[in-house]
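**Student:** Starting off with a structure, shown below.
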Amino acid sequence: MTEQTSQDTAPFGLLGRKLGHSWSPQIHARLGSVPYELHELEPEELAGFVRGGSWRGLNVTIPYKREAAQLADEVSERVLRLGVANTLVRRPDGTIYADNSDVLGFAWMLERFCERHLGGSAPEALGARKCLVLGSGGASQAIRAALEDAGARVVTISRTGGETYETLAERHADAALMVNTTPVGMYPNCPATPVSREVMARLEGLAGVLDIVYNPERTELCLIAEELGIPSESGLAMLVGQARFSSELFQGRAIEDELLEKIEDELRSLTRNVVLIGMPGAGKTSCGKRLARMLGRPFVDIDEAILADTGRSAAQIIQEDGEDAFRRVETEVTASYCKRSGMVIACGGGVVTRPQNRDLLRQNGRVVLVDRPLDELSDKGRPVSQAKGVERLAAERMHLYHEWADVILRCTGSAQSDAELVKELLRL
Ligand SMILES: Nc1ncnc2c1ncn2[C@@H]1O[C@H](COP(=O)(O)OP(=O)(O)O)[C@@H](O)[C@H]1O
Ligand SMILES: O=C(O)C1=C[C@@H](OP(=O)(O)O)[C@@H](O)[C@H](O)C1
Ligand SMILES: [Mg+2]
């Protein structure tokens with residue numbers, strides 16, 4: 001038996017400047033790279049920590065990927081090619097090896113996407129075809145490398161330079177794939193998109209859209225693609241994929257694809273919101289409160305949040321300022337909660353009256369229609385129901401509730417058992 005050195009037990013970790021948002025500790029815990037610590041360093045602390053600190057394996061994020069490559073004793077071919085590293089491994093002899101698992105993580109995501117949606121492997125689906133890469137920053141490099149490895153003809157679109165967003169539609173209608181590598185659309189500045197619906201609709205050859213942003217789960221770019229019938233995926237698979245290849249290097253063993261897909265599913269289900277919609281008085285608020293308690297998640301009722309924000313109830317705003325004014329406030333408050341993660345959200349019954357609210361709910365949420373027979377709905381304190389009558393309101397809205405919903409909850413008669421049913425329906 002060999003004696004255990006301090007190097008065998010030294011921690012893994014992530015190196016960067018601001019890391020509050022990171023999902024890496026959770027992912028590496030599932031992959032077996034523990035303990036995994038966060039190191040927020042100032043530029044002048046970097047070299048000392050990398051060369052002399054106590055660590056066994058490190059991930060590196062902005063703004064230190066270039067320095068990480070330079071501080072290593074030996075680098076992989078990928079790092080040599082790109083000049084940036086996101087993985088450092090301390091070898092038994094104390095020397096440092098650098099690799100770039102961003103390229104591998106994206107290549108893994110790309111391969112799976114091509115197999116699932118484009119009818120073959122990445123080289124089969126993309127070989128000699130035009131792929132658009134949005135953005136020319138650090139992340140763009142890794143994505144371009146993976147696409148070039150698959151044989152694609154890569155065109156980089158940026159705000160300045162030869163190929164811009166303005167000329168995209170007229171010059172690249174033949175592109176097969178579009179990949180966003182910019183931070184546009186990333187939480188908390190979401191929804192936002194680097195390419196408008198109008199421009200994407202003009203790209204007639206477009207067969208797939210990928211986004212490396214993973215929060216929200218569906219970026220606006222992906223939602224636009226979905227609406228146009230183009231397969232899309234945002235960046236969770238790349239995140240989990242790069243962690244996998246780093247962990248393999250850290251631990252010196254292979255990790256199976258099945259575990260990766262399991263981790264992706266777990267993260268999706270933990271971070272997705274549960275969004276309740278339905279007729280006023282159907283039981284969204286009552287069911288949502290119980291569901292949140294059951295799942296140990298934060299709960300927000302949009303009407304209550306409006307009251308807290310404005311000091312006036314929904315009914316009061318409608319009566320004093322009119323329904324249009326209320327709808328504007330409702331959209332604002334709905335937007336601010338629906339971009340968060342892991343919440344239970346009870347919407348106001350009228351959320352479906354504004355088409356733009358749909359993507360707000362869907363970007364990070366599974367939408368549940370709380371469906372209760374009309375003759376059981378209370379119109380107490382609900383001016384819209386009182387003014388129109390429940391029957392007419394239902395005639396106007398029911399098709400929208402059904403279109404917007406991912407699943408339908410047929411109410412059981414008790415809010416508690418309704419909440420249990422939602423938990424079951426969404427496998428939470
Ligand atoms: N599953 C249920 N069965 C019977 N009554 C319910 C149920 N859920 C809620 N209620 C009652 O119906 C009324 C409206 O519920 P609420 O949760 O405020 O609906 P919403 O938020 O959809 O307008 C309340 O009086 C509530 O106690
Ligand atoms: O359906 C509507 O237009 C409304 C529903 C209410 O919420 P509930 O559905 O929770 O009653 C509240 O937002 C407002 O009175 C308007
Ligand atoms: Mg309510």
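Note that Cβ sites are derived from N, Cα and C of the backbone, with glycine treated the same way.
Here's the feature list from TrEMBL:
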DOMAIN    14-88  domain 'Shikimate dehydrogenase substrate binding N-terminal'
BINDING   Gly281, Ala282, Gly283, Lys284, Thr285, Ser286, Arg382  ATP binding site
BINDING   Thr285  Mg(2+) binding site
BINDING   Asp303, Arg327, Gly349, Arg397  substrate binding site
**Student:** Taking only the Cα atoms, work out how far Arg397 (substrate binding site) lies from Ser286 (ATP binding site), in Å, as a whole number.
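**Tutor:** That separation, Cα to Cα, works out to 21 Å.
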**Student:** Where Arg382 (ATP binding site) and Gly349 (substrate binding site) are concerned, what is their Cα separation in Å, rounded?
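**Tutor:** Their Cα atoms are separated by 10 Å.
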**Student:** What other residues of this chain sit with their CB within 8 A of the center of the CB atoms of Gly281, Ala282, Gly283, Lys284, Thr285, Ser286, Arg382, the recorded ATP site?
**Tutor:** Gly278, Met279, Pro280, Cys287, Ala346, Gly349, Val370, Leu377, Ser378
**Student:** On the DSSP side of things, how many residues of the domain 'Shikimate dehydrogenase substrate binding N-terminal' (14-88) fall into helix, strand and coil, could you say?
**Tutor:** 31 helix, 16 strand, 28 coil
**Student:** Which of the binding-site residues Asp303, Arg327, Gly349 has its Cα closest in space to the Cα of Gly281 (ATP binding site)?
**Tutor:** Gly349
**Student:** What is the total of other Cβ atoms whose distance to the Cβ of Arg382 (ATP binding site) is within 10 Å?
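**Tutor:** Around Arg382 (ATP binding site), other Cβ atoms within 10 Å: 22.
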**Student:** List, in residue order, those binding-site residues out of Asp303, Gly349, Arg382, Arg397 with a Cβ under 6 Å from any atom belonging to ligand 2.
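**Tutor:** Checked binding-site residues vs ligand 2; flagged Asp303, Gly349, Arg382.
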**Student:** Just checking: which of Ala282, Thr285, Ser286 have a Cα that is within 10 Å of the Cα of Asp303 (substrate binding site), counting only these binding-site residues?
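**Tutor:** The binding-site residues passing the 10 Å Cα test are Thr285.
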